[in-house]
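Here is what TrEMBL records for this protein:
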- 1-18: signal peptide (SIGNAL)
- 57-90: repeat 'TPR' (REPEAT)
- 151-184: repeat 'TPR' (REPEAT)
- 185-218: repeat 'TPR' (REPEAT)
- 253-286: repeat 'TPR' (REPEAT)
- 287-320: repeat 'TPR' (REPEAT)
- 321-354: repeat 'TPR' (REPEAT)
Amino acid sequence: MKIITLLAVVLFPYCVHAQHPHADGQMRDAIKISEKGNPKQAEWIFSKIISDHPFFAEPYFQRAGVREKMGDLEGALTDYNILLELSPTHTEGIFSRGIVRYEMKHYELSKEDFLKVLALPQGETNSVLYRKSPYKSGIDRITTLQNGQQDYIYQHLGLICMELEDYNEALHYLEKAIALRPDDPDHYLHRGKIFQSSGQVENAEKDYIKALSLNPYHPMVHQYMGILANASGDKLKADRYYSQAIAEAPDVPYPYKQRGYQRLIAGQIEGALEDFHKVLELKRDDVETLLYRGFAFEKKGELGAAQKDFEQVLVLEPSRSQAWIGLGDVQVKSGKLPEAVKSYTLAIIYQPENPQAHYQRGIAHHKLKDVDQACIDFQQAAQWGLDPALKALEKACQ
C-alpha cells in the first residue's frame, strides 16, 4: 500500500551549478513546468540536459522525481542508481531511492538505503520534501532531511520490517519514531498495523484509538478499525468504519474495495457493485477489484459483464487462477462447456493444488457426459478436503 507520496523541489545553490549555468536555468524551468501539471514535458527537458551533460548528477535526481510523479518507478529507480554512481553520498538521492524501492517491494534494498541515510552526517541540504498523504489534499508536512525527517525514516524502517515479518524489529523502529514525534497519528496507525499483523489485536486497537485521539478524522485509521471489526465478526461495525473512512477521504480507493468485498460476501450485490465501480474510477485496472466485480456481476446474472471483467484480469495477470475459475463458471452458465473445461484446466496449471478448480472442472466434465474425467477431478478435490466434491464423488461415481 502506498503510504506517502514524496514530491521534491530543489533550490539550486549557485556553487553547485556554476559550471552549468544554462542547465541551471533549464532545470528551474522544468520544475515549474512539472508543478503546473506537465511532467512529461519536464521529463523531456531533464533528458535533454542529461544528453548534453551526462556526468552532471543533479538532472538525474530531478528526472527521477518527475518519473515518480508519472508512476514510472522503474525509470525513477534507474535515475537514482545513476545519480548515486556519480554522487554516492547524495543524501536526498539515497532517501528517495529508499522510497522507490519500498514502493516496488524491494524491502531489503530499501532498508539498506534508509539505514545509510541515518548513518550519513546530517549536513546542509537544499531539498525541501513535501509529504503528501494519499487521503487528503494539500501538504501534510514540509520538512528537509536536516530538520526532523528521522521519525519518518524510522516509520518506513518499521513498515519494511513488518513486510519482512520481523515484527519485533518493526515495533522497535516505530517506537523510535513515536519517541521523536509523539504527536504524529501516522506513527500510531503504523504501529497498530504491526501489532495487527503479528496477532496482537488489543494493542492494535489501542494504537488506532490513540491515532484517532490525535486526528479524529483520519480515514486510514477508520479503515483499519473496519478490518479489525470485520475480523471479529462485527460486520455492521466494520461497514460503519469503512463508510466513515470513505466520507473522510472519498478519493481513496481502499475503503471502497474493502466495503465492497464485505458487501459481496454478505450478498449485498448492488452495494458491492457501486463500491467496485468507484474503486475502478479511482484506480483503473486494479486487478483485485476487477476480479471481485466479476464475481458480483456473475451473482447478479450479468454474465457478459462478468466475463469481460475476468478477461481483463487475465490480460493484466494471466496466472491469476481465480479469474480462470470465474471465467469457467461464466462459461458453464452460458452453456460453453468445452471452453469452461479449458479455463479450469488453465486455473489448475497455474495453481495445481486448487481444489475448487478441480471440482468445477469435474462438474463441467460431468455435464459433458465425461464421467470418468469428472470422477478423477472430484476425487482429487475431495482428497484436499472440499466437502461438495466428496458429495459429488459419492453421488456420481459409485
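Start at 1 and count along the chain as shown; that gives each residue its number.
Just so it is clear, glycine is given a Cβ too, placed from its N, Cα and C backbone atoms.
Heads up, TrEMBL stuff is auto-annotated, nobody curated it.
From a predicted model like this one, the values you see are computed outputs, not experimental measurements.
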Count up the helix, strand and coil residues in the repeat 'TPR' (57-90) according to DSSP, in that order. 26 helix, 0 strand, 8 coil
Which residues, given as numbers and ranges, are at least 6 beyond the ends of the repeat 'TPR' (287-320) yet have a Cβ under 8 Å from it? 253, 257, 260-261, 264, 267, 269-270, 272-273, 276-277, 279-280, 326-327, 329-331, 333-334, 350
PLDDT averaged over every residue in the repeat 'TPR' (321-354): 96
What is the number of residues in the repeat 'TPR' (151-184) that are helix, strand and coil, as DSSP sees it? 27 helix, 0 strand, 7 coil
Per DSSP, what is the residue count of the repeat 'TPR' (253-286) in each of helix, strand and coil? 27 helix, 0 strand, 7 coil
